[in-house]
Amino acid sequence: SSPGAICTNYEGGYRCDCPSGFDGDARSAQGCADFDECTRSPCGRNALCRNDVGSFRCQCPDGFQGDPMTDCQAACSATEECNQDEVCSKGQCINPCHEPNACGMNAECLMGGHFKQCSCPAGFTGDAALECVRIPVLCASNADCIEGTACHESMCLPRCRVDQECALNEKCIGNKCMLTCRLDNDCFLGHICLNGRCIYGCHSDDDCSASETCRANKCTD
């Protein structure tokens with residue numbers, strides 16, 4: 001038989017056939033070749049057809065659902081058709097909170113009544129659409145800090161072992177979660193950006209009170 005053909009023996013002879021999904025002359029040297037079933041439009045309305053060797057597949061495109069062999073329909077045409085925690089986007093009901101960068105760094109995303117709301121979690125402040133930072137708690141010693149935190153450079157900082165235990169804009173340095181920065185504006189009032197992290201200190205005498213001077217990045221009497 002020819003390449004790709006199926007040979008069937010029977011009493012007194014044999015028969016050559018092309019398998020399903022192939023066509024051609026099963027008895028010729030060219031043999032059987034894959035046939036693109038998609039040229040016959042075998043799929044349902046709005047469905048996509050993908051030709052495979054010897055077969056084909058139908059699938060609904062993104063934003064559509066249903067039986068691709070019969071009919072693919074848009075999942076929604078209006079937000080009112082979706083659940084309370086979803087909106088209709090490009091014909092599909094989606095939860096905006098599940099989208100990348102739905103809210104700012106460290107912010108919480110909540111859905112209700114088809115509306116997305118970003119908020120800073122407890123202990124954080126800032127513009128929830130952009131970034132939430134930990135609210136500073138000043139201290140003189142560890143006794144001024146709650147359990148799980150330690151006093152470091154006049155601030156209570158969460159204890160940690162790895163970066164993953166800190167907020168997204170913090171790093172675990174010396175077993176404490178420290179706010180990272182590029183500029184002084186990234187830090188809280190009274191803090192400066194030094195070597196990529198926020199510390200309680202100064203760059204010059206102008207950062208200190210009238211009775212203090214800036215020495216080794218610290219305001220001293």
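Keep in mind that glycine also has a Cβ here, set from the backbone N, Cα and C atoms.
Those TrEMBL annotations? Automatic predictions, nothing curated.
Secondary structure of the domain 'EGF-like' (34-73) per DSSP, as helix, strand and coil residue counts: 4 helix, 19 strand, 17 coil. Annotated domain 'EGF-like' per TrEMBL: 34-73 (among others), in sequence order.
Tertiary neighbourhood of the domain 'EGF-like' (94-130): same-chain residues 79-80, 82, 84-87, 167-169, selected by CB-CB distance under 8 Å and a gap of 6+ residues from either end. According to TrEMBL, the domain 'EGF-like' annotation covers 94-130 (among others).
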The domain 'EGF-like' (34-73): which same-chain residues, six or more beyond its ends, come within Cβ distance under 8 Å?
19-23, 90-92
On the domain 'EGF-like' (94-130), the mean of the pLDDT values is 94
Give me the DSSP three-state residue breakdown of the domain 'EGF-like' (94-130), ordered helix, strand, coil.
3 helix, 16 strand, 18 coil
